[in-house]
Amino acid sequence: MQISSSGYILALDLGTTGNRAFIFNNAGKIVAQAYKELTQHYPQPGWLEHDAEEIWQDTCWVMKTAIVNAQISPSEIAAIGLTVQRETCLLWDKTTGRPLHKAIVWQDRRTAPLCHQLQEKGYAQEIYSRTGLVVDAYFSATKLRWLLDYITGVDLKNVLAGTIDTWILWKLTGGKVHATDHSNASRTMLMNLKTGEWDEQLLEILQIPAHILPQIQPSLGKFGVTDTSLLDAAIPITAILGDQQAALFGHGCDRPGLMKCTYGTGSFLVAHTGSNIVRSQHQLISTIAWTQADKQENINIGYALEGSMFTSGACIQWLRDGIKLIKTAAETETMANQVADNGGVYFVPAFSGLGAPYWDMNARGAFFGITASVQPQHLVRAVLEAIAYQVLEVVQAINASCSSPMQRLIVDGGACENNFLMQFQADVLGIPVERPTMRDTTVQGAAFAAGLAVGFWDSYTALVNQRQIDRIFEPGEGSQNATANFAIWQKAVKRSLDWV
C-alpha cells in the first residue's frame, strides 16, 4: 500500500448499544479509541427508543477522548468517516436543533399495525419493486409516519427528518448540512433503488413531505466539514455508510460472490451483487452496498442482497441482563462446552419478531423442549445454536438466489469472539468460517472509505490485502448432529410464528 500522506483518519461507529471513535494512522492501524455505552429506553413492550441528544453528546465525548488518547491535534485529522446503526430515525426542530421525540430504533415494532394496513391495501409488491424491501416495521418509513402523527402542534416548515447519520452530520456541521448517503437512504423504504432518489409515489402513500427529508449523496465523497467550535478544526467528512455496508467495505467484499456476516445486536449477512439489482424469491432484501461518483460525476452504484436477523447478540445480552443466567458474555462459550449437546432444548430468538427469511412481526421468542433434567448450560447452548441456525437459513436463501453457492463465510462483530459459536456455525453450514484478526470491521470500513475518498490512501485493494486472518473454523465431526437438529429447530420456529 502506497502511503500518500501523513496524518490520521477519525472513524465514528454509532451503534445500537454504544458509540465509538477510532483514530487510524496512515498505515491503516488503530492508534486510539474511545467508547460510551448508549442508554436503551423501553417505554412499552416491543418499543425501543434512543435519546438523540445522548447520541450527539456521546459522539462529541468519544471523538475528543480518542484524539486525546492518540496524543494528536485535531488539525492532523485528514478526514472523518461515519458509520451508523441503520433505520433508526427521528425528527428535530431546525431552529432550536432539538429532537422532537426520542429516536425510534430499528428493532422497535410499534408500527406493525401500519405495516399490516399497507399490506392489506395491496402496497407490498409496489414497495418491494421500488425499494427492494419487504413491508416491515424494521425500516424507517412507518417510524417517520408514526412520529409525524404523534407530534402535534409543530410547524413542518421547521422540521427536519433523518436517520442517525443525518442527525449527526447536521450536528457536526453546525446545522449547515442536511444529507444522507445511498446506503442509509436505501433502508428507509422511501428511496427508489433504481434511481437512488426519494420515490414520490412512496412519499405520497405514506404522506411524508419531501422537504423534511435529507439530500441523498454518494457514500464516498465530501459531505461537509466539522464546525470549528467542536474541535477547533474544519475536518472534512468524506464517507457515510450504514454499519453493515461499512463492514462489507472493510472486508473487501466489493464484487459478486463475496459476502460477510456481522454478529452484533442482530446478525446481518450481506452479499455484494455488483452493479445489478438481484431480486430474491426467498425473502431476502435488495439494498445498496455503497456508491461513489467518478471524475465525470457519474454515480457508480454497488448493490447487495441482505438477510437481516434481528436478534443474535441481543440474546446473549438478555441472558446476562434479563434472566441473569450469566454474568459475562464470555461465559457462554465455557457453559456451552460443558454439556455434550443441547439437552433437547431449542430457542427461537424472536424478541422483535423474525426478520429474514420469515419477516413475521408477530413472532415471539421461546424455549422448546424443556424437561426437568435441563441445566442452565443447555439453555445457553440452545441460544448460541439458534444464532447459527438463523444464519444457515439465510445462507440457504442466498445460495438459492445467486448463481454460485457460498464457499466461505467471512465474519465479524462481538459474538464472533465465541469459539463455540463459530465452530458450530462452520458445522451447520458445512463450509469454512473465516474470522479476521481485526474484529471491528465496521469501523475499519468507515475509515478506509473516508481515507480513500480524500486521497489519504490510494489503493482499496492494498488496504484490504493487509487483512490478517485470526482463525479459520472448518466443518467438524459435529456437522451431522447439527444438521439433524436444524430440522427440529425449524419446527420450533414454526410454533413461534404469528404469536401475537
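Positions of Cβ are set from backbone N, Cα and C atoms, glycine also.
Model, not experiment: these values are computed from the prediction.
According to Swiss-Prot, the ADP binding site annotation covers Thr16, Arg20, Thr265, Gly313, Gly414, Asn418. Taking a C-beta cut-off of under 8 Å and a sequence gap of six or more, Gly414 (ADP binding site) has these contacts in its own chain: Tyr263, Gly264, Gly313, Ala329, Arg439.
Remark: Tyr138 (sn-glycerol 3-phosphate binding site) has Glu87, Trp106, Gln107, Ser308, Phe310, Gly355 as non-local neighbours, by Cβ distance under 8 Å and separation of at least 6 in sequence. Positions annotated as sn-glycerol 3-phosphate binding site by Swiss-Prot: Thr16, Arg86, Glu87, Tyr138, Asp243.
Marked as ATP binding site by Swiss-Prot: Thr16, Thr17, Thr265, Gly313, Gln317, Gly414.
There are 27 other Cβ atoms within 10 Å of the Cβ belonging to Arg86 (sn-glycerol 3-phosphate binding site). Feature annotation from Swiss-Prot assigns glycerol binding site to Arg86, Glu87, Tyr138, Asp243, Gln244; the stated evidence is sequence analysis.
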For Gln244 (glycerol binding site) and Thr265 (ADP binding site), the CA-to-CA distance in whole Å is 12
Reading the DSSP string in three states, the entry for Tyr138 (sn-glycerol 3-phosphate binding site) is coil
Its Cβ having more other Cβ atoms within 10 Å than any other among the binding-site residues Thr265, Gln317, Asn418, the winner is Thr265
Out of the binding-site residues Glu87, Asp243, the residue with the smallest number of other Cβ atoms within 10 Å is Glu87
Quick note, Arg20 (ADP binding site): same-chain residues at least 6 apart with CB under 8 Å of its CB -> Leu12, Asp13, Leu14, Gln33, Ala34, Tyr35, Lys36, Val62, Asp440, Val443
Here the binding-site residues are Arg86, Asp243, Asn418, and the Cα closest to that of Gln317 (ATP binding site) is found at Asn418
